[in-house]
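Below: the structure, in structure tokens.
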Amino acid sequence: MASLADRVRGNGRIAAGLLFNLLVSICIVFLNKWIYVHHGFPNMSLTLVHFVVTWLGLYICQKLDIFAPKSLPLSKLLLLALSFCGFVVFTNLSLQNNTIGTYQLAKAMTTPVIIAIQTFWYQKSFSVRIQLTLIPITVGVILNSYYDVKFHPLGMVFAALGVLVTSLYQVWVGAKQHELQVNSMQLLYYQAPMSSAMLLVTVPFFEPVFGEGGIFGPWSVSALLMVLLSGVIAFMVNLSIYWIIGNTSPVTYNMFGHFKFCITLCGGYILFKDPLSFNQGLGILCTLFGILTYTHFKLSEQEGSKSKLVQRP
């Protein structure tokens, strides 16, 4: 009975974490798109704000004894910090240069790339039925975006780079938490300021810093409030991503991301008047079917693994 209660509590925490990530992830997509469309705030500067607010948020959490920092060798976090910069910058550039449908289409391709990375680089195996769930998800994504995809060459370059770097980043987040024996807050506490420093050096080469269009330019109060709110929500998104990957897996996080894909697509139709055709509606159902199938198979495999461990003498 105790083990069953523990499993229920554990599943409840994961469900709550997924729901929280769902809400803040949808908020950040639409808020960032609004900032780009209505205020023209520079992309990399907005990303820098996200990183700084994330680090400040963790610093406050540490001072409130919500978590205890753990000394980590910075050399082991260098690639993770670089990939974090690339992950956020390229996905934001994809969002800025593409429609929301195209942006989400590219993100959906992260799951097969992660499976490929884990299969060939980390020798991790996936059952045939788990691999087959990628078919309805991929078909659903294609149907979803059939009438929406507007191939902007530069936007597609950013989207492709975003998929690759995001896949590496999410795999490394899980690997580093396991390798260094740290939780999500402890890892992000060291990685966020490193990423902030890297981006701080890079921003002046690509975007103005002072004057019109610069991060310290003459922005309206409403624009600054929106940017600050975006930073706070980004902190929540980053923290929830680390927590979910650390407590589940990169593939599970991405499968859940496809559910966010469907909701975000509908939101793009409502808020930004993006087209939503009958085929896209079928695609939403197809994608949801793939997600539900994956969830069922994954939970079945996890329960089977736990049963085998319990039965061992």
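Using the three backbone atoms N, Cα and C, a Cβ is placed for every residue, glycine included.
Unlike curated entries, TrEMBL annotations are predicted automatically.
Per TrEMBL, the feature domain 'Sugar phosphate transporter' maps to 22-294. For 12-35, 41-61, 73-95, 128-147, 153-175, 187-206, 218-244, 251-272, 278-297, the entry in TrEMBL reads transmembrane segment.
Among the recorded stretches 12-35, 187-206, 278-297, the one sharing the largest number of Cβ pairs closer than 8 Å with the transmembrane segment (73-95) is 187-206. Confidence over the domain 'Sugar phosphate transporter' (22-294), given as mean pLDDT on the 0 to 100 scale, stands at 78. Here the transmembrane segment (41-61) sits against the transmembrane segment (187-206); at least 3 CB pairs are under 8 Å, leaving out pairs fewer than 6 apart in sequence. Here the transmembrane segment (187-206) has Cβ contacts under 8 Å with residues 44-45, 47-48, 51-52, 54-55, 58-59, 62, 67, 69, 72, 74, 77-78, 80-82, 84-85, 89, 173, 176-177, 180, 215, 238-239, 242 of the same chain, all six or more residues outside its ends.
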